[in-house]
Amino acid sequence: MPSKIAIYIEYSKPKVWWLLVFIAFGGAILAVNNFSFNNIIMILVAIAAVTMGSMGAEGLTNYIDLEMDSTMERTKNRPLPTGEITKKQALMFGYSLAVLSVIILLAFRRFIASIFMSIGIFDNVFIYSYLLKKVSPYSIIYGGFSGAFPVLIGWYTITSDFSWLPWILFFLVMFWIPVHVWSLAYRYREDYKKANVPMFPVTHSDRSTAIAISFSSVLLIVFSLIPYFMGFYNLVYLIPVAILSIPVIIFSYNFIKNPGRKTSFRLFVYTAPYLTFVFTLIIILNVLRLLNLLHSA
């Protein structure tokens, strides 16, 4: 039998929040100009705040989605539907971590980051999960803001200076989210129909869904290449990102040409690690720059 801590961790959807934390780490690394003690502490603050905020927000959205999760085959074995934790425990868990995430940023006087954290939690829990998820096929577009805010939280935990780079990466994440969510929803759309959740692939035709997902894929690629064309990085960045993007174009074309569970899932499987790869590359290049091992990233 899993421990209570393990149950709460599972309840918080670690497969979701670890990526948000990684994105926040990337945003923080972008902002530092040296590895001073203060910068290292602030990086850890960003990681801690986004971890708590993401876990808390996911806990609250799971509470809101209880009826839906109990209906769907893919989600009915989650801790709340199975009764491993109670509704009261779920609410306390979510609220506590969400509030603590903002408090820790305010305690370190990271006011801009705390604003983005607050807006992100509100967007994910109230706008996306409570208001739109069960009524609008475009809910994930509005909910995508919360998924993209961690890069800004990471950046503004370190500095209040403005740069286009974290905002470019913000939109990169924004356009990755529909590709990831809709291509998976397409595969499980019968499940969503059963739960009366009007995901885009449920309410639109195969072709419309394929076009929408593929269009988001193209925008994803565009925003992954913009850092090079705006002079933030050189060919060391461009070449691997361009190579990584070619299969995205191919799988998107195949999905439009032959919409189906197989072609959509191929796109999902390939694009799922795309964001991780791009942020890993960015983190490596910036760490090398800070260590003076790479003079021009």
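Backbone N, Cα and C atoms are what each Cβ position is placed from, and that goes for glycine too.
Where the annotation comes from TrEMBL, it is an automatic prediction and has not been curated.
The transmembrane segment annotation in TrEMBL covers 16-35, 41-64, 90-108, 114-132, 139-158, 164-188, 209-229, 235-255, 267-288.
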* Asked: Under a criterion of three or more Cβ pairs within a distance under 8 Å and sequence separation of at least 6, are the transmembrane segment (209-229) and the transmembrane segment (114-132) in contact?
  -> no
* Structure fact -> Given the transmembrane segment (139-158), its same-chain partners at Cβ distance under 8 Å and 6+ residues beyond its ends are 20-21, 23-32, 39, 42-43, 45-46, 49-50, 53-54, 57, 105, 108, 110, 112-113, 116-117, 119-121, 123-124, 127-129, 132-133, 166-167, 169-171, 173-174, 177-178, 181-182, 199-200
* Spatial neighbours of the transmembrane segment (114-132) far in sequence, C-beta under 8 Å, 6+ residues away -> 49-50, 53, 56-57, 60-61, 64-65, 94, 98, 101-102, 105-106, 138-140, 142-143, 145-147, 149-150, 152-153, 156
* Interface-richest range of 90-108, 164-188, 267-288 toward the transmembrane segment (16-35), CB pairs under 8 Å -> 267-288
* Asked: What else in the chain is close to the transmembrane segment (90-108), if you only count residues 6 or more beyond its ends and a Cβ gap under 8 Å?
  -> 8, 11-12, 42, 45, 48-53, 55-60, 62-63, 80, 114, 117-118, 121, 125, 153, 157
* **Outside the transmembrane segment (267-288), six or more residues from its ends: residues with CB under 8 Å to it** => 19, 22-23, 25-26, 29-30, 32, 169, 172-173, 176, 179-180, 183-184, 187, 213, 217, 220, 224, 227, 233, 236-237, 240-241, 244, 247-248, 251-252, 254-255, 294, 297
